[in-house]
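Peer 1: Below is the structure I would like to discuss, written out as structure tokens.
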Amino acid sequence: MAATLRIQSDWSQALRRDEGEAWLSCRSPGKPTLYGSLTRRGLSTEGVPDIAASEGFVVGEVTKKSIVISCPHENVSTKFLAPYTTFSRIHQKSITCLDISSGGGLGVSTSTDGTMKIWQAANGEIRRLLEGHVYDVNCCRFFPSGLVVLSGGMDAQLKIWSAEDASCVVTFKGHKGGILDTAIVDRGRNVLSCSRDGTARLWDCGKSACLGVIADCGSPVNGIAVGTADNSLNLGMPEEAPSEREIGTEGKILLLAREDKKLQGVGLQSRQPVFLFDGSDAFNCCTFLSSTYILAGTQDGNIYQLDVRNTNAPIQVVHRSGAPVLSLLPYRDGFAASQGDGTCFVIQQDLDYVLDLTEADCDPVYKVASWEKQIYTCCRDGIVRRYHLADL
């Protein structure tokens, strides 16, 4: 496990004024934590803050929204990025999920204030209120068209909404417990859901019917992801011929992040188990990096990277804090992750530093979504933050 650099969550505000200070720390497993500080000495001729670091830390490139800090003793470097904009008026309470439409124009989010809203991604202006779930809505996502939204709630219902007029066009019933995550197959003729009831189900949007239970785990399924499997992977054969209403399930694998510390892969069309991986704690989320590489995050802060062709041992385990991993997102040639202690970061294969998305303080960051060079996060503090990653 590598060393981890941390910075005061509101560092960009703290360093806006002359003589302003922000704290730093460098934590390395099995060693005492190194503490330090940043001090602003003034402005450069370009209007960028002139920042000095205390002993043991080195300041690299500084812009108005970012600062690169390294700790040479631990051979670690991190670029801290402040939000480009924040939206604090979309919801009144904690925001549990969000997504951005394929065109980047709209956002959708759910909150513990009981609402689900569609808003303009540029300025956070609310466009539509999606009303119809009983109790809290746990998850929401846009269909690839960007015109339709899929949501799942504690009421065990899965709903499809028009983003244009906020009407609920389809309601799926069949789960016996709250829906925790959803996935969309190809363009969305079929969709998937997972639930506290331990099952993952495949649904036919056109006929608003359940096409089958893909897996019954006997333990809550906290997250799912669907992806095209590597050609060399044996996905098994279906026991009976698939319904002609199944569109795009062939050659796909469904990942299941399970509460019983297991990550499971199932052939989407065959319904046959492909692999079962034992983790260190409950799995909260999972995603595909490619047709061979997958990621999954646990309640005790581990992010496992696995090769689906051989899941006996992980390729690597990333551990930046012991807080629950709540969200994982493929991003360029790496990934973004968020955790229950406000940690939110981006790792890229070709960069020798970690990109840390700051300002959430110690509040859980529940979800990360992206559109082109922007990353959006939602948090227990009720704020949507937008980060601009143009200069990666």
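Backbone N, Cα and C define each Cβ position, glycine as well.
Those TrEMBL annotations? Automatic predictions, nothing curated.
As listed in TrEMBL for this protein:
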type   : residues : note
REPEAT : 88-129   : repeat 'WD'
REPEAT : 130-171  : repeat 'WD'
REPEAT : 172-204  : repeat 'WD'
Peer 1: With DSSP, how much of the repeat 'WD' (88-129) is helix, how much strand and how much coil, in residues?
Peer 2: 0 helix, 21 strand, 21 coil
Peer 1: Write out how many residues of the repeat 'WD' (130-171) are helix, how many strand and how many coil, based on DSSP.
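Peer 2: So the counts come to 0 helix, 22 strand, 20 coil.
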